[in-house]
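Peer 1: Grabbed the feature section from Swiss-Prot, which reads as follows:
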BINDING   H97, H332, R423, S450, H527, D535, R586  substrate binding site
SITE      H97  site 'Important for catalytic activity'
BINDING   H138, G186, P187, L188, G228, N257, H332, F503  thiamine diphosphate binding site
BINDING   D227, N257, I259  Mg(2+) binding site
SITE      H332  site 'Important for catalytic activity'
ACT_SITE  E477  active site, proton donor
Amino acid sequence: MATVSTGSLIFIVKKNSPMMSKLVFFWQNREKEFRDFGGFSEKSVYFCDTIDNRKRLILVVINREVLLMTFDAIDQLAVNTVRTLSMDAIQAANSGHPGLPMGAAPMAYVLWNHFMNINPKTSRNWSNRDRFILSAGHGSAMLYSLLHLAGYDLSVEDLKNFRQWGSKTPGHPEVNHTDGVEATTGPLGQGIANAVGMAMAEAHLAAKFNKPGFDIVDHYTFALNGDGDLMEGVSQEAASMAGHLKLGKLVLLYDSNDISLDGPTSMAFTEDVKGRFEAYGWQHILVKDGNDLEEIAAAIEAAKAETEKPTIIEVKTIIGFGAEKQGTSAVHGAPLGAEGIAFAKKAYQWTHQDFEVPAEVTERFAQGLQARGEKAEQAWNDLFAAYQAEYPELAAEYQKAFANEAAQVELEAHELGSSMASRVSSQQAIQQISEQVASFWGGSADLSASNNTMVKAETDFQPGHYEGRNIWFGVREFAMAAAMNGIALHGGTRVYGGTFFVFSNYLLPAVRMAALQNLPTVYVMTHDSIAVGEDGPTHEPIEQLASVRSMPNLNVIRPADGNETNAAWKRAIAETDRPTMLVLTRQNLPVLEGTKELAEDGLNKGAYILSEAKGDLDGIIIATGSEVKLAMDTQEALEAEGIHVRVVSMPSQNIFDEQSAEYKESILPAAVTKRLAIEAGSSFGWAKYVGLAGKTLTIDTWGASAPGNRIFEEYGFTVANATELYKSL
């Protein structure tokens, strides 16, 4: 029997059997049994109902030690401070979403001030901090209020400038823009997949670096989502993956308010969320009253006690709690107005000024989140110092992994006369990079044999083998890319993922978010053209190149042979603040003359002269990928007729666009207007390089089902046609 005394309360753990115990307490000589919140174990949670007007008490059993947790009026004042700061910021901006902050503030407060191990003084520099993602990014005013109260570099003045030009408080959270924000969110559902990626990274790094007595990677990933997030397909893909992977340190707090922008969720969302997530392999916990701080805390403890399953805590809330129109879509996405705010503040019994933070709330955050975070980080620093002494090589590798420095690798060159698909030369590069960059890992959306993404002699990332470097994302392209974003945001690894290029459409929203967040993810997109052949137009990319090239801050590289593929991978792995998309062939490509010597420098400038004209320059043929060989053959045919042309390989338009005016003029002189671009994709975007006087040999229709070489012939990708097209200039 274990006894814990706190004031006039005495708590006793009674062991009824070796496997079972129950908690009782004596209050004025009356015995009251605590309700079991999940079954007694080494880590369990119990709570009892209110007794004699006392607030409900929570007992937490951790390693059979009993801890007391309770909440008081200051905690409730802190919750209301989060609400009022959010309301005031939205009103000042005359723009924003008050419903979520007003309804979800209790769960967010309990999580932040009573559970999360974060240190505002060091912000995102402490690698073992807990992570929090606001997947429902429209609730950003709540996040900013929490960040301010927690002590991050976010002032009341910043809250007053919510959604204004140049402010630290944009409409949706942006990483690297606002101190303490872990991920850029807003497009619903993606934040959940980001959280899955972060939990994957935590599990992988823990398996790789932790040693007995040295759990240097040991943190939780929390995300807050709403009904809309769960309607999005990407959240379902990600939840399925997380359940399979048994990511026990992943916890979703579900703001279940039954309201969407259009009205009640009953109009479109009536499924059994509990049943769905349990089918995925998750633990589901229901909190019936979203204003009950004790019940929320008990649920979070129960979530942390489950180590074999991710947990979704469904918290039943009232959207816009306290507002005159609470519980309706009217409070979802528009300011309440002065009268509406006054009504809500009266409901909260709020007696302070606009944007005011009561001193006792500031003190409560100092005693809670700040003190706990500083203590936790100092304990981790001490642990890591001992780890460095015991495992110096691993410690150095850990520090290097989190430094996010450009990786430099050496790749074996491809010799003239050899031939292989660029997806195969990419696989060789992946293998060599994995041997030189220990933090490098990745996989494919169920196409590893086709994308050639698997690293040989490495284990698979699976439950019980989280050290594995081959990730099986399954047929979940969107979740793959969004989880990759979470992995990259977590830090400590370099991740890549592959699929067919035609399926890039499935994952572009996540690629966009990677580019927006400056994440150095790598996308291996194979089967890049009509050369796919027999599978037909559903699997033959046409518009994809033009689409991805239009995306800011994304390196799109379509290499012409093995040497350009090597150069592309070197560039990709050296990036620290930009994603890269490698567009690779299914069919074999011969190694071209000159690429061994010119490709690396040329690719890093986006375009280069691969073969100069043999006489006075008549014109220029520009090509990418598999069509560079056709350009070279066309040059030879034209040369036989006394027409001297230059062949420019342009593996990356966007990198070329970033070069100096002098370099671009040296490659594409303005005076040379006879230009032909050859690419097995859309003509869209090529006018920029060929000009009004130029022409393109491209494809502005759908592909066909036939052997790839036959399709190329039918679409005019022949030396004869290219020669005549050039001569028509």
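Every residue gets a Cβ built from N, Cα and C, even glycine.
In terms of burial and nearby residues, how do these features look in this structure?
Peer 2: Other Cβ atoms within 10 Å of the Cβ of D535 (substrate binding site), summed over all protein chains shown, number 15. DSSP classifies D535 (substrate binding site) as helix under the three-state reduction.
H97 (substrate binding site) carries neither a helix nor a strand DSSP state and counts as coil. Other Cβ atoms within 10 Å of the Cβ of H97 (substrate binding site), summed over all protein chains shown, number 26.
Following the DSSP three-state reduction, the secondary structure of P187 (thiamine diphosphate binding site) is coil.
In this structure, D227 (Mg(2+) binding site) is part of a helix by DSSP. Taking a C-beta cut-off of under 8 Å and a sequence gap of six or more, D227 (Mg(2+) binding site) has these contacts in its own chain: D255, S256, N257, D258, I259, S260, T265, F269.
For the recorded site, H332 (substrate binding site), the DSSP three-state label reads coil. Under a cutoff of 8 A between CB atoms, and with a sequence separation of 6+ in the same chain, the neighbours of H332 (substrate binding site) are H97, G99, L100, I259, S260, L261, I319, G320.
The Cβ of E477 (active site, proton donor) lies under 8 Å from the Cβ of A445, T499, F503, S504, Y506, L507, each on the same chain and at least six residues away in sequence.
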Peer 1: With the substrate site defined by the record as H97, H332, R423, S450, H527, D535, R586, how many Å span the farthest pair of C-alpha atoms?
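Peer 2: Value for the max Cα separation, rounded to a whole number: 48 Å.
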Peer 1: Please give me the CB contact count at 10 A for S450 (substrate binding site), counting all chains in the structure.
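Peer 2: Result for S450 (substrate binding site): 15 neighbouring Cβ atoms inside 10 Å.
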Peer 1: With the Mg(2+) site defined by D227, N257, I259, which remaining residues of that chain have Cβ atoms positioned within 8 Å of the Cβ centroid?
Peer 2: G226, D255, S256, D258, S260, T265, T317, I319
Peer 1: Within its own chain, what residues at least 6 apart in sequence put their Cβ under 8 Å from the Cβ of R586 (substrate binding site), listed in sequence order?
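Peer 2: The list for R586 (substrate binding site) reads A421, R423, S450, T526, H527, D528, A531, V532, G533, G708, given in order along the sequence.
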Peer 1: Return the single residue from the binding-site residues list (L188, I259) that has the minimum number of other CB atoms within 10 Å.
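Peer 2: Least crowded of the binding-site residues L188, I259, by Cβ count within 10 Å, is L188.
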Peer 1: Over all pairs in H138, G186, P187, L188, G228, N257, H332, F503, the listed thiamine diphosphate binding residues, work out the largest Cα-Cα distance in Å.
Peer 2: 35
